[in-house]
Amino acid sequence: MAGAGATYLFGVYSKDIKSTLGYDQTTLNLLGFFKDLGANVGVLSGLIGEVTPAWFVLLAGSAMNFAGYFMIWLSVTEKIAKPKVWQMCLYICLGANSQNFANTGALVTCVKNFPESRGVMLGLLKGFTGLSGAIFTQLYLAIYPNDSKSLILLIGWLPAALSVVFVYTIRPMKAVKQQNELRVFYHFLYISVSLALFILAMSLIQKQVAFSQAAYAGTSAFVCLFLFLPLAIAIREELVLWNLKKKPVDPPTEVSIEKPQEIQEIKDNSDLQVQNTKSTTCFGDICNKPERGEDYTILQALLSMDMMILFVATFCGLGSSLTAVDNLGQIGESLGYPTKTISTFVSLVSIWNYFGRVFSGFVSETLMVKWKVPRTLMMTFMLVLSSLAYLSIAFPFPGSVYVASVIIGVSFGAQVTLLFAIISELFGLKYYATLFNCGQLASPLGSYILNVKVTGMLYDGEALKQLAEKGLTRSSVKELTCLGGQCYRLSFSILAAVTFFGALVSLILVMRTRKFYKGDIYKKYREAA
């Protein structure tokens, strides 16, 4: 999962694509849209995941990742003839779509393995994806110092290699819940938080101090150490279970130590599902919808009012967030920040994206289990928060981009985790591999309208005005650039309004699901276990 977030680095290398291939902002934003389209349309990976094992899904994603980003790198370094725009769109869509295969192979498998800790599990795994951009930034500074074109090559081969190396460790398992399960997950959380804080500190220090190649290599080594530390916790827990199994069982007349059941690997994914008494196909019984929390078929879920509301909220919230992240490089440039500082903005978004993903999972799980607070209410709060961040870019003040980067990162990350958790709770886990991928279909549509048709065109319009004031035309410059606070004022005011509307719509879902979240939503999984 730490290798499945390369799409968040688009803000770092997009300027290379723009300058090398001579694109204007509208064309670059079109490329950004196809990146978002690939990253969010994961229905294919979901359907493949329903009928094939996890290892096949991961290997397919590995091949797509390398093919897509390697072709982009060849194009930007001019090792092949300049591709047409549609070809670049295809390459980036293919590369970005590979992360859905990692999500389906790893994330869906783990949620099904730990259904009663799904909020925590989603927060942890999506958190590492949120950190991915910052991790890759540290690695590329060590391997390809200050060569952002080679960053494209790095995100082509490294995630592909990760999937191949760890392909057989990710598999469905029928695990008996241990009493200390949540405590172990918190240990994983502490390690990931330490990693995030370390990268945050390094990002800030590297902005102030000139690092040598050896220093970058040292920070990258620490990052890799943190990534492998959870393995030590897993080995420790396995040793505890192994020692317990070796203890003799006391006679039945006395108080006995219960021997933990061995975790058994299963061959058939269907054994993991909580079976309904009535057998249905994945597209059957469209009109006869079950109660919330039961296993919906794919069409039952997609045609439900709850999913429609989630679509609108996702269109507004994630569509705006993707637009903001994709334009972060140009926002920094328009406000006069140096390239190194712009890289810091991207790292900040990535790191706070992590905190948003992790803590929305842990915090919403705690609020829901202890105080029955609907998880949908936290989504509303995050949408309101992000609308304030867009206003700070529309009307910039000293340091406003730093503040906006933090808030956009937190709210973006939280929306992703909350969306996936809400879908699993409302519509069940039987067809979760497909449904969670369907749930994010609205975000690339929102990104296309808000990024390409609104933000990109308004930016180009301001840039053309500035050219006209200088007595120049579009044909006289290779790269169309806008400078000043007015470049994004109107577009980000629109983003703020759209996101606030999404928050109001999500309140309807809060009211509709309030009674559902008052109940014990994990009861059936405990009974099945």
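Placement of Cβ uses the backbone N, Cα and C atoms for every residue, glycine included.
Listed in TrEMBL:
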type	residues	note
DOMAIN	2-235	domain 'Nodulin-like'
TRANSMEM	54-74	transmembrane segment
TRANSMEM	122-144	transmembrane segment
TRANSMEM	150-170	transmembrane segment
TRANSMEM	182-202	transmembrane segment
TRANSMEM	214-235	transmembrane segment
DOMAIN	303-517	domain 'NFD4 C-terminal'
TRANSMEM	307-325	transmembrane segment
TRANSMEM	337-355	transmembrane segment
TRANSMEM	376-395	transmembrane segment
TRANSMEM	401-424	transmembrane segment
TRANSMEM	431-450	transmembrane segment
TRANSMEM	490-510	transmembrane segment
Contact between the transmembrane segment (337-355) and the transmembrane segment (431-450) (3 or more Cβ pairs under 8 Å, separation 6+): no
Cβ-Cβ under 8 Å with the transmembrane segment (401-424): same-chain residues at least 6 beyond its ends: 107, 111, 118-119, 122-123, 126-127, 130, 301, 307, 310, 314, 317-318, 321-322, 324-325, 328, 331-332, 335, 337, 345, 348-361, 364, 375-376, 378-379, 382-383, 385-386, 388-390, 392-393, 432, 435-436, 439-440
Non-local residues, at least 6 beyond the ends, that sit with Cβ under 8 Å of the transmembrane segment (376-395): 313, 316-317, 320-321, 324, 331, 356, 360, 363-364, 367, 401, 403-404, 407-408, 410-412, 414-415, 418-419, 422, 485, 488-493, 495-497, 499-500, 502-503, 506-507, 509-510, 513, 517
Same-chain residue ranges lying at least 6 outside the transmembrane segment (307-325) that approach it to Cβ under 8 Å: 8, 10-11, 32, 36, 40, 301, 349, 379, 382-383, 386, 389-390, 393, 404, 408, 411-412, 415-416, 419, 422-423, 427, 439-447, 449-451, 454-455, 492, 495, 498-499, 501-503, 505-506, 508-509, 512
Rounded mean pLDDT for the residues that make up the domain 'NFD4 C-terminal' (303-517): 92
